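Taken straight from TrEMBL:
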DOMAIN    478-584  domain 'TMC'
TRANSMEM  209-230  transmembrane segment
TRANSMEM  280-299  transmembrane segment
TRANSMEM  370-395  transmembrane segment
TRANSMEM  410-432  transmembrane segment
TRANSMEM  444-468  transmembrane segment
TRANSMEM  539-565  transmembrane segment
TRANSMEM  585-608  transmembrane segment
TRANSMEM  656-677  transmembrane segment
Amino acid sequence: MLSDDHVNEIIIEVENVSSGVQSHPSSNQIFQEKGLLDSSINMVSSVSDIDVVDSQTVSKRNDQKGNQVLQFSTSLNESMSQTLHSLECMGIDTPGSSRETVQGQKLIASLIPMTSRDRIKAIRNQPRTMEEKRNLRKIVDKEKSKQTHRILQLNCCVQCLNSISWAYRRSKNSLSEILNSISLWQKTLKIIGGKFGTSVLSYFNFLKWLLKFNIFSFIVNFSFIIIPQFTVAEKNTLQFTGLELFTGVGYFRDTVMYYGFYTNSTIQHGNSGASYNMQLAYIFTIGACLTTCFFSLLFSMAKYFRDNFINPHIYSGGITKLIFCWDFTVTHEKAVKLKQKNLSTEIRENLSELRQENAKLTFNQQLTRFSAYVMAWVVSTGVAVACCAAVYYLAEYNLEFLKTHSNPGAVLLLPFVVSCINLAVPCIYSMFRLVERYEMPRHEVYILLIRNIFLKISVIGILCYYWLNNVALSGEECWETLIGQDIYRLLLMDFVFSLADSFLGEFLRRIIGMQLITSLGLPEFDIARNVLELIYAQTLVWIGIFFCPLLPLIQMIMLFIMFYAKNISLMMNFQPPSKAWRASQMMTFFILLLFFPSFTGVLCTLAITIWRLKPSADCGPFRGLPFFIHSIYSWIDTLSTRPGYLWVVWIYRNLIGSVHFFFILTLIVLIITYLYWQITEGRKIMIRLLHEQIINEGKDKMFLIEKLIKLQDMEKKANPSSLVLERREVEQQDALHLGERDGSLDLRFRRSVQEGNPRAW
């Protein structure tokens with residue numbers, strides 16, 4: 001059988017020769033075709049000799065499938081025979097054609113009986129260009145379709161399943177191509193990665209990933225909460241002044257934006273129409289969003305952890321990029337330049353990381369750096385504690401301050417102070433790099449992330465304590481709406497400060513570095529600070545989704561604007577990192593921080609709200625209930641009286657409402673995490689041992705080569721005449737072998753042409 005590696009060359013050569021016969025090529029084109037045939041002969045000569053089998057013998061040995069395959073093969077024979085006859089008449093030798101034709105027939109015959117998945121895998125594994133693989137797949141699919149139409153013995157169910165599988169595969173491939181073509185910011189991300197490296201690119205990938213989260217949350221809330229409420233909503237009598245966009249009060253209070261506007265009744269249009277319980281819809285929709293986010297975070301962490309920590313290819317150092325890196329399907333000039341830039345940046349990152357790992361410090365240098373690390377941690381922790389204390393005391397007196405000040409802008413005091421802290425303190429943390437001087441840029445980013453997450457999560461924790469203890473127990477008319485308004489103002493103020501920092505602060509830093517203090521130069525993009533801004537905003541959205549269901553839509557708009565703002569600022573105000581480093585594992589760390597402590601803290605806050613706090617008596621879908629969770633209890637009691645829904649009651653009481661179930665589930669997750677960690681450590685050890693083994697084998701080979709060279713030198717010095725005789729014998733044997741091979745090829749060529757086209761003789 002012909003190997004799969006040689007398929008596409010034979011098919012393309014046959015097509016080229018056929019087209020040449022039809023168009024009456026010139027002598028130069030014929031000689032080019034002759035070169036193609038000669039190259040294919042050299043390729044086939046490495047394979048074992050395959051005897052020429054005529055069509056009569058094949059028809060006796062093969063079954064009905066083989067006869068159908070031979071119909072296609074005969075067409076190939078006819079085109080090849082015409083080509084050979086035309087070339088022979090012009091006096092040009094074209095040996096080896098019959099062997100190539102038979103091998104092409106056998107390859108196609110071996111591909112047709114395969115299943116769709118095996119056939120695609122076999123074609124995909126060939127080291128050929130994408131265009132050649134597509135042509136081969138089209139030829140095989142065409143013959144497969146002809147064969148399936150002629151076979152009448154197949155079962156109808158098998159035909160139906162095959163057609164469904166084929167249609168599903170084609171639709172899946174088409175959908176994948178469409179999604180890739182309409183993917184957001186694909187070209188922009190490639191430009192960023194090519195110019196600034198994977199470290200800066202990880203921030204924009206994380207922003208895009210969060211945007212998908214909020215799109216999903218908005219679609220779910222809009223479908224199951226907002227649209228049903230629109231059907232029974234009353235007209236808003238408040239006047240819109242424009243100030244509501246900044247404060248979130250006034251006109252927005254009586255809209256679907258906040259919790260207090262939603263009804264607690266069962267929505268039913270007409271006497272015979274289906275009923276819609278707004279209480280259950282509200283709590284189940286929010287719960288479905290958070291549950292989906294929970295499992296999505298777990299799946300994403302597992303996926304990135306497997307790709308970046310467990311798979312062995314991450315320890316190769318990117319050496320394969322130097323050898324097998326280029327994609328020959330890229331032909332556009334701009335795409336080629338962008339691909340070259342991405343490749344060079346990635347190789348530079350790998351080499352820089354290897355160089356930094358090999359660097360060693362003396363004992364005094366290590367002691368000095370350790371002291372600097374301790375001092376930096378003490379100062380950063382003290383600053384964070386002071387900021388949290390300031391936010392706590394300001395929040396304690398915020399309600400009294402709002403009662404004594406009737407100015408609408410007074411509600412912006414707390415968000416303004418919190419946003420100032422979130423903007424200024426991370427900049428102070430970033431200045432610690434001048435003292436700490438980490439050798440590995442990745443370690444510097446990790447430390448900054450930990451310090452910033454400690455600050456921002458502490459601030460959010462204090463605000464949650466303020467909302468759940470002061471606002472919820474203050475006796476206000478609709479405390480859920482007040483919390484939603486506070487979260488909206490915090491989110492909006494943080495967005496305004498981020499935009500101001502992008503267009504004004506980063507621009508001023510560029511002016512200072514380029515004109516005033518030239519020794520500073522252009523600044524570098526602060527990955528840790530910008531990532532923590534995204535995590536902080538997303539945490540507020542998850543907390544506020546229960547009190548303000550439209551927050552995912554607001555976050556979508558902000559993220560979309562933020563991407564373009566950061567991209568413009570990056571291109572204008574920043575330089576590429578001075579120390580190139582590979583950030584393939586950064587996304588794993590970002591999602592880990594988003595999951596813990598951000599998302600777990602959100603779950604704790606909402607759990608306290610639903611199980612421990614009493615809803616407002618005059619607003620919202622849960623008015624009149626002692627706790628939010630009592631809507632679920634009432635629904636379960638109703639289902640327990642219906643025999644057809646007892647399985648739902650059993651699932652709730654034994655799984656969802658059971659502490660033991662969640663304890664066992666947590667234990668299983670911890671065991672799986674430990675196993676993954678052990679697999680990672682084991683593969684690291686195995687890769688290190690294999691690396692040492694390769695080095696030792698290389699040394700052994702060098703030692704043997706040196707010994708062989710010394711022995712040859714000794715033989716030359718001892719008997720120089722024998723070396724001359726040996727060279728002559730080798731040259732004579734090579735000449736004789738080449739003559740025999742040319743004669744056999746010419747004889748085989750003439751025999752194949754005579755069999756393929758006897759009329760020409």
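Indices start at 1 and increase along the chain as displayed.
Every residue, even glycine, has its Cβ placed from backbone N, Cα and C.
Annotations in TrEMBL come from automatic prediction, not curation.
The shown structure was predicted, so the numbers you read here are calculated from the model rather than taken from an experiment.
Counted over residue pairs 6 or more apart, the CB atoms of the transmembrane segment (444-468) and the transmembrane segment (209-230) come under 8 Å in fewer than three pairs, which marks the two as apart. Counted as Cβ pairs under 8 Å, contacts with the transmembrane segment (585-608) are highest for 280-299 among 209-230, 280-299, 370-395, 410-432, 656-677. Beyond the transmembrane segment (410-432), the same-chain residues lying 6 or more positions past its ends with a Cβ under 8 Å from any Cβ of the stretch are 246-247, 249, 376, 379-380, 383-384, 387, 390-391, 394-395, 398, 401-402, 448, 451-452, 455-456, 459, 463, 485-486, 489-490, 492-494, 496-497, 501, 526, 528-529, 532-533, 536. Proximity of distant same-chain residues to the transmembrane segment (209-230), defined by a Cβ-Cβ separation under 8 Å and at least 6 residues beyond the stretch ends, is recorded for 184, 256, 261-263, 267, 276, 278, 281-282, 284-286, 288-289, 292-293, 296, 300, 534, 538, 541, 545, 549-550, 552-553, 555-556, 559-560, 563, 587. Mean model confidence of the domain 'TMC' (478-584) amounts to 88 (pLDDT, 0 to 100 scale). When the domain 'TMC' (478-584) is classified with DSSP, helix, strand and coil residues number 79 helix, 2 strand, 26 coil.
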